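Quick look at what TrEMBL annotates:
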type	residues	note
COMPBIAS	75-91	compositional bias 'Polar residues'
COMPBIAS	245-283	compositional bias 'Basic and acidic residues'
COMPBIAS	284-297	compositional bias 'Polar residues'
COMPBIAS	305-323	compositional bias 'Polar residues'
COMPBIAS	331-340	compositional bias 'Basic and acidic residues'
COMPBIAS	372-390	compositional bias 'Polar residues'
DOMAIN	9-70	domain 'J'
REGION	75-94	region 'Disordered'
REGION	176-195	region 'Disordered'
REGION	209-231	region 'Disordered'
REGION	245-396	region 'Disordered'
Amino acid sequence: MAPPVTTEDYYKVLEVSQTATAHLIRKSYLRLALKFHPDRKGSKEGFQLLNQAYETLKDENRRQQYDLLYPFSTNPSSAQNTSRSFPSSSAAHPGASQEVAQIAALRTLKEERITRWRLTRSVLESAVFELQRSIRRLENSIDILASISTAEAAEDARKNSWGAWFLSQVSRQVHESEDDMARKDRQRQERRVEKDLKERQVEMLKAQLRDKENLLQQSERENRDADTRHDLAIRAIEARIREMKAREQQNSKAAEMEKTEKVRRQEQALQEKRAREARETWRKQQASAQTAPSPRNRQAERNDPTSSFNSGTPHQTPSSTCSHGGWWDKVQGHAAEKHVRGARSIYGPNSRLEQQKAVGKNRLDQDPLDCTSASVCPRTSPSGSVQGRTQMRILN
């Protein structure tokens, strides 16, 4: 079962930085323990938290796990000024902190089990070594007893041989007494009993050795299987963390793509709207151009002096035909007389203009001799050459 998730800042509780040494942590703990001890009107909960922080940070392995689980700021001043907070990844992944806590718990269990296994292996290996040494010592004793028995049997065989008997008859050797023979026989039996006992002890020790070796192998297999299970569990949790991160990245990427697609659709709709407005404006311009007279027709009507009579519309005085205000320069000689006669023939009482005026049933608001009411200015006629500066106005 995973330990409860700790949210306390142990470095802030002990008033040390995250890079503090074990000596500084112990010194700070002793100072704060005297200050917040319950016997000195201190808080029991605060003293328990202080002990928990010290128990966690004084052990290197637990401290590394705590720093891995809560990688707070490494700024030394943060322990005195501000409380540390969880990393942004925990805020982004609400379940990531639990997964990390499970990984830390599994690693803690693995390290504790490895520590127990090392102790068990050391005890078993020591027992196996002692048993093996006892077995070797007993086997050496058995070998010595066997060698003595072998030597005595060889001596008895030599004494009971025909050669020994013949020599004993020739040299008249004294035979062993019955006491000596009884003593040797007793010693032989004792060696035989001792050898049997030691052989039984060897068998018993070998059985114990087999049991210890089997227990050692079984413990080693169990430890290896537990390592495999813990490693698989850790890899599974890490895979879930990677899956959560990948899913978040995928969701973020999908949201970004959706946002980009939304902006693109908005821009496309705006472009289509502008295109429709442009086409509508162009159609309106084309319709206006078709209903309005063309510039060529307007110029022809402006140049035709009878257009105002034939059209049946009220007379409009042209304003841009003449630029000299109805006055001509004085012309000397025949040219002037010809110019005046030409003007009278056009604008006289019996002129063609008067006849067209009567037929068109329109009255001229201006003087017929005034060039502002005529479509052709006499000054701009081919015969109207400028030869003086004296101006005169043609009147009836």
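Glycine residues also receive a Cβ, built from the backbone N, Cα and C atoms like all the rest.
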For the compositional bias 'Basic and acidic residues' (245-283), DSSP counts of helix, strand and coil?
39 helix, 0 strand, 0 coil
Predicted model, mean pLDDT over the domain 'J' (9-70):
81
Helix-strand-coil residue split for the domain 'J' (9-70), DSSP-based:
46 helix, 0 strand, 16 coil
